[in-house]
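**Q** So TrEMBL lists these for the protein:
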| type | residues | note |
| --- | --- | --- |
| DOMAIN | B:170-232 | domain 'CBS' |
| DOMAIN | B:234-292 | domain 'CBS' |
| TRANSMEM | B:317-337 | transmembrane segment |
| TRANSMEM | B:349-370 | transmembrane segment |
| TRANSMEM | B:391-413 | transmembrane segment |
| TRANSMEM | B:419-443 | transmembrane segment |
| TRANSMEM | B:455-479 | transmembrane segment |
Number of protein chains: 2
Amino acid sequence: MSQSKPRDPDAVHRHLRDVQRLLSRQRLVEDLVHRQTMPRHDLVESIVHRQHIARLRRKLDRLHPADIAWILEALPLEDRLFVWDLVKAEKDGDILLEVSDAVRETLIDNMDPAELQAAAETLDADELADLAPDLPPEVMEVVLESLDTEEQQQVRAAMSYPEGTVGSLMDFDMVTVREDVTLEVVLRYLRRFDALPDHTDKIFVIDREDRLRGILTLESLLISDPETEVAQVMQSKSLISFAPEDDAGGAANAFERYDLVSVPVIDAERRVIGRLTVADMVDYIREESEAEILSQAGLRKEEDIFAPVMRSVKNRWAWLAINLVTAFIASRVIGLFEDSIEKLVALATLMPIIAGIGGNAGNQTITMIVRAIAMGQVQPSALRRLLKKELGVATINGLFWGGLVGLMAWWLYQNPALGVVMTAAMTLTLLVAATAGVLIPLIRQRLGRDPALGSSVMITAITDSGGFFIFLGLATLFLI
Amino acid sequence: MSQSKPRDPDAVHRHLRDVQRLLSRQRLVEDLVHRQTMPRHDLVESIVHRQHIARLRRKLDRLHPADIAWILEALPLEDRLFVWDLVKAEKDGDILLEVSDAVRETLIDNMDPAELQAAAETLDADELADLAPDLPPEVMEVVLESLDTEEQQQVRAAMSYPEGTVGSLMDFDMVTVREDVTLEVVLRYLRRFDALPDHTDKIFVIDREDRLRGILTLESLLISDPETEVAQVMQSKSLISFAPEDDAGGAANAFERYDLVSVPVIDAERRVIGRLTVADMVDYIREESEAEILSQAGLRKEEDIFAPVMRSVKNRWAWLAINLVTAFIASRVIGLFEDSIEKLVALATLMPIIAGIGGNAGNQTITMIVRAIAMGQVQPSALRRLLKKELGVATINGLFWGGLVGLMAWWLYQNPALGVVMTAAMTLTLLVAATAGVLIPLIRQRLGRDPALGSSVMITAITDSGGFFIFLGLATLFLI
């Protein structure tokens, strides 16, 4: 028995390097032929060429679709399409599901309808529904027609649930049994399967009308006496199940909290219509946190790192536009005080310190509050308590850091009054930042909006304009 | 058979509200007694009091430890400790594992050594190792002594692996069989268990020296003929396993990519020493993305939202200090050009626009590169290609947005030369931002550092100081 082993989790990096090496050798041969630096012995060339391609193909045949997907993402466009052509057609569907949206587009753009149709037909109903929005409608139509009625209904059902719901993530593979049979019967029934659905850790126990009666874990199936009836060992109390309309984020929390592997999805009549697995939830959690990090940096969605320049520009312009508006407002606030700055130019030099630290402190507060809201742990009733705490933190930080910058201003410009204004402005700005950092997400929550969306832009806009106004305003009142 | 159902994933919110209602009634009674507005009928008071407490206790008894942990996090300190006292002691250990670090501290601070010891003794070796750093050393010593030698070794082993490795996350519960027995024997063996370890989806097949020979999935155990030998149905090729020193992030990627539920952890001699499950990985993925989001906002770690003010100040000061240094440097850069600003005060008004948009564009670039590196998809060889692309994006953005702000400056100050300087400065600043955004993470990667750490601070420092310098410098050269 061989002990072949992709033991280390970084095996995929090695695979990528192998593919890149084969590609570059391949390119070298083409290059030589093209430049005619080597006499064009067609025979030699085509043999070397074919050898490389054969090795690359063998390499790809051995790889898991998820690994191929990852390698495709890491390759520049021309290499990506070259490799994509060498991949076995039966893996195409799985790979299309695994790659990022941006890379999927580049692959689908380079497939003809027949290839796409063949790829789509290898997929399960729920997978097909995931891929559907990216497929040309005419391909989707042909594929749908090739399915039986039940599968067609499943695809349509899966597509009917909006993104971010349990229904859009569920699959339709499951094993069900009745409660009045013995475990021996269940064991014999399972032996008739060629394979069980992925992540089967429990069997759903249903009645004649497909209604969920309980769940039979594989554990209890295995450790109990085969003569026992299903009804005696199944769990029927405090069953965890989801409705297809449920929020996927809530479901992910439940998977995390109760360490679940698979959960039945039931309709309003308690009929089992699908199943949610931990694999879907792991992908969901990853994608959500990706999306959050990207949106904080002002990227609309994940970028293909080898995307053409114009596509990247499009992905980034919206945020820059918003930023331009807020920066322009802040600039006009400064404009109000141009006379003061002309008289005391140190104000121009010092003002970015106030705005910068204010923005930072505000972002700390808002991030903490947004996270607590996302965890569901902040009720509107906590408002006063949170505000009190954040204002306390802001006062301490304001007096300490403000005092420090005040001393620096005094020392740099030999102007003690300027130092005092600096300290006061810093403290006030931090108080404004703390108040906005607590109120913005709580108000958005109460209005039923996503408290996270654009929170960083809003708080920075407030602390910039607010910080400039407070500092220049105080300076105009007391120094000019 | 009852169909009791915490059906919706938000059930825990309802539980929290129930607890809060009971707590506030409880407080009302105490308040009345305390203020003596109600004649102090000790008897009446103590009955009402006891009723409320009994209901709260019953409520808590029915809840999953993870739900209680979540509720404790959502309660202010005094309520939290009140509820904590009512929780059944046997759940204490599990709850301590589930709560956030900050809240765990508050709970442990309020337990005496005997309680802590009792809580710790309910835990498995790997769980105990997780909790150990937060326990007083003398409690840990007593608990360790109460374990048998094997468990003591397991705890010590788990504690010996640094955070972020597979070894620090693995558990020691698993089912192992020999390859020369029939499935029937395995089935009979399993029936002797009272329970299987959580997330058992496969049984590890080992030889006499505990070395991994293959894995027997529950699926193949269930669908195959019981007369078959284990060796015939076990998987022994391309087995996925980890070493305890492996990076947990890599392991999480493998779980995500190959949809795994449990994976054996083996030592250098291929001896099975532990097991990693998807539940550990889900927690790990969540914690990592949390940590990333928090550190981007300059929070050292997750905060207890009801933490005392000084603890929050400590969690946040480091970032503010760094920010003060970078803001001070930017301020000194402006200081170099005070003469120019005195002559043309519009420069002070317009300069934050350049720095602001430069910072934004730089953060977009660096976030994208950092993410691609984290996915392992960027080799140093891609440097030139990425740089070319980002400089292309920066040129387009610079000319477009720079042109826009240039027109605004011209219109506001009736000074076309100022507009041209604005456009040029914006374009140059975006080019600097793009270059730094590509180079910083790639250089940090080559030096073997974490490319993400502090990337946002660094790029903002460069675009602030750089933007001010470029704009004011160009203005001094051409306008003054």
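The count begins at 1 with the first shown residue.
The backbone N, Cα and C atoms fix where each Cβ goes, and this holds for glycine too.
TrEMBL annotations: computationally assigned, not manually curated.
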**Q** Per the definition of 3+ C-beta pairs under 8 A with sequence separation of 6 or more, do the transmembrane segment (B:455-479) and the transmembrane segment (B:391-413) touch?
**A** no
**Q** What residues in the same chain, six or more past the boundaries of the transmembrane segment (B:419-443), come closer than 8 Å to it by Cβ-Cβ distance?
**A** 350, 354-355, 357-359, 361-366, 369-370, 373, 378, 380, 383, 386-387, 390-391, 393-395, 397-399, 401-403, 405-410, 451-452, 455, 458-459, 462-463, 466-467, 470-471, 474-475, 478-479
**Q** In the domain 'CBS' (B:170-232), how many residues does DSSP assign to helix, to strand and to coil?
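**A** The counts are 17 helix, 17 strand, 29 coil.
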**Q** Can you count helix, strand and coil residues in the domain 'CBS' (B:234-292) using DSSP?
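**A** Reading the DSSP string over the domain 'CBS' (B:234-292) gives 26 helix, 15 strand, 18 coil.
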